[in-house]
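Marked as repeat 'ANK 6' by Swiss-Prot: 172-201. As annotated by Swiss-Prot, repeat 'ANK 8' applies to 238-267. Annotation comment: Swiss-Prot describes 305-334 as repeat 'ANK 10'. Taken from Swiss-Prot, the feature repeat 'ANK 11' covers 338-367. Taken from Swiss-Prot, the feature repeat 'ANK 13' covers 404-433. For 566-595, the entry in Swiss-Prot reads repeat 'ANK 17'. Positions annotated as repeat 'ANK 18' by Swiss-Prot: 599-628. If you look up Swiss-Prot, you'll see 803-832 marked as repeat 'ANK 24'. The repeat 'ANK 25' feature in Swiss-Prot is assigned to 838-867. The repeat 'ANK 26' feature in Swiss-Prot is assigned to 871-901. Per Swiss-Prot, the feature repeat 'ANK 27' maps to 905-934. Among the features that Swiss-Prot reports, repeat 'ANK 28' is placed at 941-970. The region 'Disordered' annotation in Swiss-Prot covers 974-993.
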């Protein structure tokens, strides 16, 4: 909120501050605007209310001032009057209809403001006009919260008397008692508790009033709560007690009081930290730690991650507290879950005084910690030279490796402090030592661009061409120094893009400096690693322009070819990673810009695929070909740019093409860039290709056009653009399907309608695919009701044409009852009797799929329940043979299907159910059979149902057949009886004479 100079304000505002009603009247009479706004949208009435001048307020309102005007914080004059505790001003404003429920931007009403500012008289005027005193602001706080927070005893009394909810909570579930306790308003705390406030209440994170008071050092409130008998060791959601909180905030007086009242000094929280851990770490916890130790706190207790209080002092460098812990029995070499002692932790964080204390007290400097590293490893890795000096003086085998074979010198080289390097070298560290990957300290220094470390190592004799297990030298690592990783690390601390870019430039220069020094000391830039890459490849891959320039000056290595086992050239690597500056350096030294990688892709292809516009521009400007196809998919850079929707790259490629036909170039599958753009839904790319007159009716190897693909993938805007270019909608693919078929199959009713209008206006409109299926077949098969409705609006679809497996069959076979109902309602109901080329009716289809609702629909439309197909089977037989018990139940019990019908092999429904082992279906049929002749009916193999049931081991069916009079002596064509012994496999049973 700005502070304005009174002398610069309008005369009316100055007169209000002067308190001169006569001058105000004169100014108003001179048409001074009574509703004029200042820079913060405050009116003269806001000023008068702020001053609490009732007479002037009255005068302004009678002169037309808006009583409920809001400033830019949404504060009304009533808010201002209440804040000034002016009862008279409040009464005048309310008399003139001031809104007592008005809210500011924090949703605070005048009552909130009154409560916060101890405006008791104002509150007494406002409250009778309110429906509730428990209205909450944006933070969920009521007027009682504000009164308690500010310690206004009289206001709290008034609000409680007027019905304020004493246990109302804000959005963090904090009560008025929490706020009063935190602020140390003992009289308010006592008053709230006396009126029934819940003394053990918790907020969302489990903090009680005791936690709140302890955190802010409110000793009197803490004593009062303890005297009331609250649970002293109550925990919050993190497992912290009031003692934890007091120690964390360095409230030693509260700590002393809690200990005197019996608080558990060794209570662990959810992470296993005790109050002593917090006291050891906190900024102001020294006295707290003394109190805890003197009252029996366990100095060696460990958290869940193994940290002792001594570890905590080591993290934060609290060396005085570390001495206290050690003097009271703290274990110096206690290890955490990573194996680190306090000395490791202190070394990592660079606390020299603490290291001195620990070593003096007997800490083991040669103890192995995380990854078997010494404290010296960690000090060197984090570039703490003074700590290294302290640790070196204790004496141990300096070249002892960690788990990964790294010595302290490796760590120092990675850390980048040359003083650490010199200290270790002067102590006899061997710079020839290799880690388990074969890397020397020089490799580490180069990888991190630590120039002075590289210089120190090379000067003392380090081999600049020493290779690691992957065949990489220090030059490889310097060339590959990851700027983006450094940028990311810097970004954790800074969020300024300019600053990050400057930092990147500094690192780039460091890398170039390191590289130049290595080259000056006979580093060989031609050495290739085991993947065939040399330092030029790495510099290109990581975009180090300066490094590339240096390397290209120093080497005659032919890097145009992907030789030496390398899969990609430097040009490919720079293009793929979008390093246009590095690319430009390479282009100056290259003759062939169209060299290929192992898959036949050029650098231009990779740049276009990744969408690196500047790289694409650099390549095409230098003459890179856009016609070169890869070896696998036969795609060009045009295809590559389209796949990921890189329209800028696509435009560059098209505008530099000499041959306009390039826009329709095809890949191995016959796909043009337009087809791919449509398939992937890249609208801008589609628009650009159409602008460049791409052929909308080009077909791929399966006959699909871009329109086919657009409808298949459902990209609406792409389809619309193709239709606007009059793309053929009757073009058939290799299966004879048009875009209409795909629209119907995919459920695109809107497109289908639009396509139909165009298709039906053309002559020779054939809408059958190679199998005779129409769009109606496909819509029905996939259950697309909206599409069916669109198609049935056209007269030509109200009769079934094409494949005799009709649209009704298609709907029924997949259980689309609503689609079938649409067809039956729009077309002659006699279509239920339509047969496919195998003579099967729609009822057969419903029975086959066990679709009960479809069966019932067809039966309601007089479907012939006993109609047989070409093999003599009824719908019941179809259901029985396929084990569709639901369909069998409906056909047998509701439709009363004929159980005596036989197929061409003389099988009854019962034979078929039993032959396939469908016990439930067989029992449903048996339940309706009373005729023994049907029970003993024989098929063409002279088998009765009993023969088949016995052979298939259907025990329950056999029992039911026998109960219904099945003949056990019946003989089939192999002379087998249903109850006789089975013949051995491969032998014939001799016929009885």
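Glycine is no exception: its Cβ is also placed from the backbone N, Cα and C atoms.
Long-range Cβ contacts of the repeat 'ANK 6' (172-201) within its own chain (Cβ-Cβ under 8 Å, at least 6 residues beyond either end) map to 139-140, 142, 144-145, 147-153, 156-157, 160, 166, 207-210, 212-213, 215-216, 218, 220-221, 224-225, 228, 230-231, 234. Same-chain residues lying 6+ beyond the ends of the repeat 'ANK 24' (803-832) with a Cβ under 8 Å from its Cβ atoms: 768, 771-774, 776-785, 788-789, 792, 840-843, 845-846, 848-849, 851, 853-854, 857-858, 861-863.
Mapped onto DSSP classes, the repeat 'ANK 24' (803-832) shows 21 helix, 0 strand, 9 coil. Beyond the ends of the repeat 'ANK 8' (238-267), by six or more residues, the same chain brings 205-208, 210-211, 213-219, 222-223, 226, 232, 273-276, 278-279, 282-289, 291-292, 295-298, 301 to within a C-beta distance below 8 angstroms of the stretch.
Secondary structure by DSSP for the repeat 'ANK 28' (941-970): 16 helix, 0 strand, 14 coil.
With DSSP classes pooled into helix, strand and coil, the tally for the repeat 'ANK 6' (172-201) is 17 helix, 0 strand, 13 coil. Counting only same-chain residues 6+ beyond the ends of the repeat 'ANK 26' (871-901), those with a CB under 8 A from a CB of the stretch are 838-841, 843-844, 846-852, 855-856, 859, 865, 907-910, 912-913, 915-918, 920-922, 924-925, 927-929, 934, 937. Taken together, the residues in the repeat 'ANK 26' (871-901) have a mean pLDDT of 95 on the 0 to 100 scale.
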